[in-house]
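Here's the structure we're looking at; comments come further down.
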Amino acid sequence: MNPYILAILLFGLGLGTTITFASSHWLLAWMGLEMNTLAIIPLMAQHHHPRAVEATTKYFLTQATAAAMLLFASVTNAWLSGQWDIQQMTHPLPITIITLALALKIGLAPVHAWLPEVLQGLDLTVGLILSTWQKLAPFALILQINPTNSTILIILGLTSTLIGGWGGLNQTQLRKILAYSSIAHLGWMILVLQFSPSLTLLTLLTYFVMTFSTFLVFKLNKATTINTLATSWTKTPLLTSLTPLILLSLGGLPPLTGFMPKWLILQELAKQDLALTATVAALSALLSLYFYLRLSYAMTLTMSPNNLSGTTPWRLSSTQLTLPLAISTTMAICLLPLTPAATALLAP
C-alpha cells in the first residue's frame, strides 16, 4: 500500500477514536465510530484475497448494523428526554439498546459470531489493530453511559467468558484462537464494569499489552496455525522459550501480569456478594487456559519434522523490528509486582 494512503488511513483511525473520546454529544460519538470503521476497511482489504474481502464485508455489515442501532437509540433518547448528552442517559430503553449496540461493535457474546470469522480473514498486523485499537472508542462510550441495568451486563460478561473459553477449544487457527481469547477477556471487563470502571480500564490495558505481544510473536514466526508454531524453535529459540509465559499470562496464571486483573476482578465480585458469578467466571478461565496450554505445548514440547525444509528458516535472519516485541513481552510477563501501585491508582 502507498505510504501516503497508509498514513491517511492510520490518521483517520486515530482521529475517529479521538473524536469519540472527546465527544459529549451522541451524534459526534457516532461520527467518530463511523470514521474508525471506514478507515480500517481499506487496511483490511489491502490484500486482494477472497478471504480478506469476505472478512471486510462481514466487518462492514456488523459495524454498520451496530452504528445504526446506536443512532436509533440516541435519537430515541433525545425524543424521550429532550437532550443528546452521553452522560445524562436516564431512560432504560435507549441505555439497553446502546449497550447491545456497543457489545456488537466490540464482539461480546452472544453477538460475537462475526469476530472469529473476520479476524481469520485478516493478516496479523490488521488483526492486531482490530483486537486492540478498535475496542477503545466503544469502551469509552460504555464507560461513559455507565449502564444502570446490571443484569444485562452480568449476562453479557458471563456468556462472553464461557463462549470465549468453549469456542477456542476446538480451533487450530491461531487468529480464531486469539479472537475467542479476546471475547473471553472482554467478558471479564464487562463483568466488573458497573462496580469498578477503573478496574475495567486496567484490565483493558493489560489485555492490550498481552495481545500485542502474542500477535507480534506470531507475526515474527509468520505463524497462522498451531502446526506452524512447532517449527518456531528453529527460527527464534529464545523467543520460543518465552512465548509460553506470554500465553500463560493471557490465561491469567500467577506470577505473570495476566493474573493481576483476574485476581482484582474476582475480589471485587466477591465484595459485591456475587460469589456464584465469580465462581463461574473463574471456572471459565480454565477453559481459556486449556487452549493457551495447547499452544504452549505445540511450541515448546513438540519437535517439528527435522528435515531440510524445516530447518531452512533458521538460516534467514529476520528484518522485522524486535524492540516493540521485547518491551511488550517484558511487560506481559513481569508486571504483577506492580499490583499494589495499580490498586492505589484505582482507588477512588
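Glycine residues also receive a Cβ, built from the backbone N, Cα and C atoms like all the rest.
Please treat TrEMBL annotations as automatic predictions, because they have not gone through curation.
What TrEMBL annotates here:
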DOMAIN    23-287  domain 'NADH:quinone oxidoreductase/Mrp antiporter transmembrane'
DOMAIN    289-341  domain 'NADH dehydrogenase subunit 2 C-terminal'
TRANSMEM  60-80  transmembrane segment
TRANSMEM  92-115  transmembrane segment
TRANSMEM  151-170  transmembrane segment
TRANSMEM  177-195  transmembrane segment
TRANSMEM  201-218  transmembrane segment
TRANSMEM  238-254  transmembrane segment
TRANSMEM  274-293  transmembrane segment
TRANSMEM  325-347  transmembrane segment
Arithmetic mean of per-residue pLDDT over the domain 'NADH dehydrogenase subunit 2 C-terminal' (289-341): 79
Residues from the same chain, set at least six apart from the ends of the transmembrane segment (274-293), whose C-beta lies under 8 A from its own: 154, 157-158, 161-162, 164-166, 168-169, 171, 177, 180-181, 184, 187-188, 191, 247-248, 250-253, 262, 265-266
Non-local residues, at least 6 beyond the ends, that sit with Cβ under 8 Å of the transmembrane segment (238-254): 181, 185, 210-211, 213-214, 217, 220, 232, 261-263, 285, 288-289, 292-293, 295-296, 299-300, 325, 329, 332-333, 336
Cβ-Cβ under 8 Å with the transmembrane segment (92-115): same-chain residues at least 6 beyond its ends: 33, 58-59, 62-63, 65-67, 69-70, 72-74, 76-77, 80, 134-135, 138-139, 141-142, 145, 147-149, 152-153, 156, 159-160, 162-164, 179, 182-183, 186-187, 190
